[in-house]
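Step one of this worksheet: look at the structure below.
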Amino acid sequence: MTTRDDCLALDARDPLAALREDFALPEGLIYLDGNSLGARPKAALERARQVVAEEWGDGLVGSWNSAGWRGLPERLGNQLARLIGAGEDEVVVTDTTSINLFKVLVAALRVQALRDPSRKVIVTERSNFPTDIYMAEGLADMLQQGYSLRLVDSPEALPGALGSDTAVVLVTQVNYKTGYLHDIGALTALAHECGALTIWDLCHSAGAVPIDLKASGADYAIGCTYKYLNGGPGSPAFVWVSPALREQVWQPLSGWWGHARQFGMEPRYEPAPGIGRYLCGTQPITSLAMVECGLATFARTDMQALREKSLALTDLFIEQVQARCGRHPLTLVTPLEHARRGSHVSFEHPEGYAVIQALIDRGVIGDYREPRIMRFGFTPLYTRFTDAWDAARILAEVLDGETWRDERFLARKQVT
Ligand SMILES: *Cc1c(COP(=O)(O)O)cnc(C)c1O
């Protein structure tokens, strides 16, 4: 079994170790929740000061031009594109994942309505992140045209759920609970075979696993920038549309930022050519500017190197927890198979909420998702091998000592 000295040696020869220096992490804390809110890039503080004091304070309205504010969604989109295998000028960073999902879902249904209006089913997983399901439900309810959702109970059941009635397959590439990793190319090929379009939610995979949207044949992709991309709390999300589909229909939130001539102030909407049509209204520049600080660190490495370290970290954590906690009611719900595993590890425990609270009290930050799931996110940009090792040891101590039974760990907080 791996010793702590082994982990110290792994950290010492880790080619990515220096990247941790880009982040402001509190001393003594083991942060395993970068899959919920990424750590703060040190550069974000100075960049925030610059945006607020200089660009806003001194530059005022002129900064839309002089500080490049107007082009920020496109510029960030191009920086992000290389992490997800998208082309130049194919991605914009804007709005939230939920809102971008609404845009691409309507667009996909409109494309299908032109091809085969009898397709009315949106296929997704019951265990998909709730907002993905809720947005699709709300859309079906708004349209009142017979659209419905088909929820499948396991990744393996997806192919069998596709048919001649399927309009869209909406899948999150890495499941937020289990960490199950889908094969975008394989599922997209199956969907296309039966005439369906695919929407990929990359919230738990952008910046965590290598993605090649173009090679995989995907149709639409969305995702957030505040998890593995370290853009800051609530930082704007991204949207990509296959160039083959992009100009076929309007997206529904046809605001002035997506107009072909934004300052033409014309009384009729005409969508911009290209991905610019997926913008809606005025962008939150202070928040958007932070995204650039998160993306900057990725320019110093590549997704293959990050993936290698991510798998080594999750392998180590699984090995350590299984070796130390075998006599406790802990069930691994994350696939052991590398090809099926994202960058977080989840265990089920009947008192998972309290155990996570007890861990947080000991300086190990993971999180909890209903029902009974304890999640531990591994961010190869800043997580060390010793962090994974220490976290497993502390988890074993919390379980062995039953410290989670303390009353203060049982009460649910607003955000779990
Ligand atoms: C985090 C996450 C979201 C978040 O959507 P917001 O609109 O940013 O709140 C959506 N989908 C998935 C799969 C996520 O993991």
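Positions of Cβ are set from backbone N, Cα and C atoms, glycine also.
TrEMBL names Thr97, Ser98, Phe129, Pro130, Thr131, Asp132, Thr172, Asp201, His204, Tyr226, Thr282 as pyridoxal 5'-phosphate ligands; from the candidate set Trp56, Trp256, the record adds Trp256 to that same site. The separation of Lys227 (N6-(pyridoxal phosphate)lysine) from His204 (pyridoxal 5'-phosphate binding site), Cα to Cα, is 7 Å. According to DSSP, Phe129 (pyridoxal 5'-phosphate binding site) sits in a coil region rather than a helix or strand. For Lys227 (N6-(pyridoxal phosphate)lysine), the nearest neighbour among the binding-site residues Thr97, Phe129, Thr131, Trp256, judged by Cα separation, is Thr97. Annotation note: His204 (pyridoxal 5'-phosphate binding site) sits in a coil segment as assigned by DSSP.
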